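Report on the structure given below.
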């Protein structure tokens, strides 16, 4: 057999230089993969079938020697590169030349060699592994050789298919993932729901990387890994195959499964929960798995935030995932292009968009975002614009007016508030009534009402601005019938107005508790301030009334005795004499004194309530937010402060309690004096001589100096400066994100006026309007009808149950099927009487699994835009090392394919030359024969 010139041995030196050297390098590498005559130690073996694109030149000794040298050289280089092989594989395990050639061909993308070996070499072990424990399928997937992967997947009993799938998912090889998912092992879909740890328990190496276990975490399923890697196409493919991420149980779950995992390996259990939540919080999984991704993301973000406070060791991980869910919702809102899409996200339903009879959006998703403090979502321009349009409902023209015009409107509303209330009472559905129901007008009316209330508090004290006319010890009266003490008189008209405002605010708070529920009401700190303020006002007025009642009782005694003209000559009873004493002689627990003290506290709280409306202004809003954050820092600081303060207070009291009257002042001699001295020492208002003793007890005095000095250093220099640093840090955080913080606070303020009701401000809300009475009658009618229907339904169910029991006794119902039907009916009756939590959850899920049609269309559009945007962002990244490696592997595969084609063409050419030679040799013979 003649050799082709293209593959003949190269003799002598050729002037081609580099081209010839490159050809020889390629030739040596190609022969390395095709050698079949050398054993593992380089010795000749029995001839094996030749695979690939080289013909067998067994007749050429020079070629054989050259190939042996090439094999030894390349094998030595490979072993040098894979030097630490014994660290990973068993020393007794060795590969045959055939297996090495097979693995190398799979790794480098030599498709012709792999195809021929799979077809012709029946003794080949396709599950053989290299020194790292990887088989041919794993090597082909790792180097993105799709054709080789498809060839290997056709073989039966192929191992580690699951690990190859996980590897392809981690590298983002979509076509390879689709090819592997077409494997018969994934036909039923059970494999996709099985984690590697479950496969190991079944003695299965489906997900195993090598004999030591899996490549990834034992709890990572294909869908979880795809979600981690943000592979949208792969997640979509797996979801179509039926794969889902199972939501972890509650952290405090005590089921057998959770208890067993916690006892076996608590760390692995925690990591498995985090991996599952990472998959659930992935934008790829959120956008493709849920029909209501906004609600799912909001609920999941809150759940992760709660877990961050429970599992402190993984706090940063959970907070990061929670923020990821919030960013996903913000990303969807950012992709909205019209008002309908914004309303769909904020409301969750566009077909039943209007709430109540007034056509105002319910904004259920936005309420949830405010509750879970998704600040970027609430402060987003699309959301703020929607809120602003609702805020100026029925007053759209006022939005474009200047501040001067708005101020005049506010002033006009404040002055005409009684007239506006009368109009709303008698004509709530008129044009003016609709304007009064608008959020902006409600805000202005309530703010004006509260401003009037503060004015009443100021005016109530106006009679004492220049001092009191009666001295504290004055007891003389002009007449015996004027026994009332100073300020122990009946309530003035000013105080009656204040009381009416307080009663109106109490009624408004009661309605709010009824609407929101006690839990939601107590969750808001402003409600706690209102509750405290109103409770103190009520206690003050009650104490004042008690003082007035006792004084009136004493006065009634005087009124009953008209003969009493001069009280100085009459012996009075204690109940009368007590109320004739001067103020300086009053009892400390006197109701009048208690009333005045509580009233002063309530006035301070009332003026602090102004901070509630400050977020409405862009200038004062951030300041109010910073003030609130500062108060929180002070409360945190108080824990350390009180601990240090109490320690020094008790210590100094124990040191100086034996020296009462033996000091220059009374500091530290009592607990009260110790508290005063140490408290004012924080502000530098205590004297150093507070520790000086009049006697020559220098040891005690020195101890006092040391403790007092340590206290000042600790409190003033250390703790006080630490508090200042905390306040500065909080203020800087607010300042860095002032716009978002202010818009979020403003949205919370606006939302309190979006709800229906509470149209009339205090105290006009005390008078029920005809509209309120009408709605009350409708609710009573509905409640009575529901109650009647419920009793009627209960009677029908009881009658059916009695009938079934009678039929059962008579033998009519005797089969197993009928008995099961009876038990089912009992269960249904029980569920009708008291729905279980599970049934309510199923109803909740079904409501989201079957959303309105228009809403579903809108969410599809938004999700499609989000996925496309994510793909664009991913493609816009710079070419990294992994992508360069993929290009290199593609070039390598193309090289082998071209060489195979070249080899095939060479063989065809050699065959044609041989046939042509035979024909040419036959022609002379025929001529001789003819001759």
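Each residue, glycine too, has its Cβ placed from N, Cα and C.
Pulled from Swiss-Prot, these are the features on record:
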type     : residues : note
COMPBIAS : 1-23     : compositional bias 'Low complexity'
CARBOHYD : 473      : N-linked glycosylation site
CARBOHYD : 561      : N-linked glycosylation site
MOD_RES  : 815      : phosphoserine
REGION   : 1-26     : region 'Disordered'
REPEAT   : 97-126   : repeat 'ANK 1'
REPEAT   : 163-189  : repeat 'ANK 3'
REPEAT   : 218-247  : repeat 'ANK 4'
TOPO_DOM : 1-438    : topological domain 'Cytoplasmic'
TOPO_DOM : 460-487  : topological domain 'Extracellular'
TOPO_DOM : 509-521  : topological domain 'Cytoplasmic'
TOPO_DOM : 543-592  : topological domain 'Extracellular'
TOPO_DOM : 614-636  : topological domain 'Cytoplasmic'
TOPO_DOM : 658-706  : topological domain 'Extracellular'
TOPO_DOM : 728-931  : topological domain 'Cytoplasmic'
TRANSMEM : 439-459  : transmembrane segment
TRANSMEM : 488-508  : transmembrane segment
TRANSMEM : 522-542  : transmembrane segment
TRANSMEM : 593-613  : transmembrane segment
TRANSMEM : 637-657  : transmembrane segment
TRANSMEM : 707-727  : transmembrane segment
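With helix defined as DSSP H, G or I and strand as E or B, the topological domain 'Cytoplasmic' (614-636) counts 20 helix, 0 strand, 3 coil. Three or more CB pairs closer than 8 A are found between the transmembrane segment (593-613) and the transmembrane segment (439-459), so contact between the two stretches is assigned (pairs 6 or more residues apart). The average per-residue pLDDT of the prediction over the topological domain 'Extracellular' (658-706) is 89, rounded to a whole number.
Outside the transmembrane segment (707-727) by six or more residues, the chain places 630, 633-634, 636-637, 640-641, 644-645, 648, 651-652, 655, 678, 681-682, 684, 688, 690-691 with a CB less than 8 A from a CB of the stretch. For the repeat 'ANK 3' (163-189), DSSP puts the residue distribution at 20 helix, 0 strand, 7 coil. Panel annotation: around the topological domain 'Cytoplasmic' (509-521), residues 527, 530-531, 534, 755, 757-758 of the same chain, lying at least six beyond its termini, place a Cβ under 8 Å from a Cβ of the stretch. Tertiary neighbourhood of the topological domain 'Cytoplasmic' (614-636): same-chain residues 443, 723, 726-727, 730-731, 733-735, 738, 741-742, 745-746, 748-749, selected by CB-CB distance under 8 Å and a gap of 6+ residues from either end.
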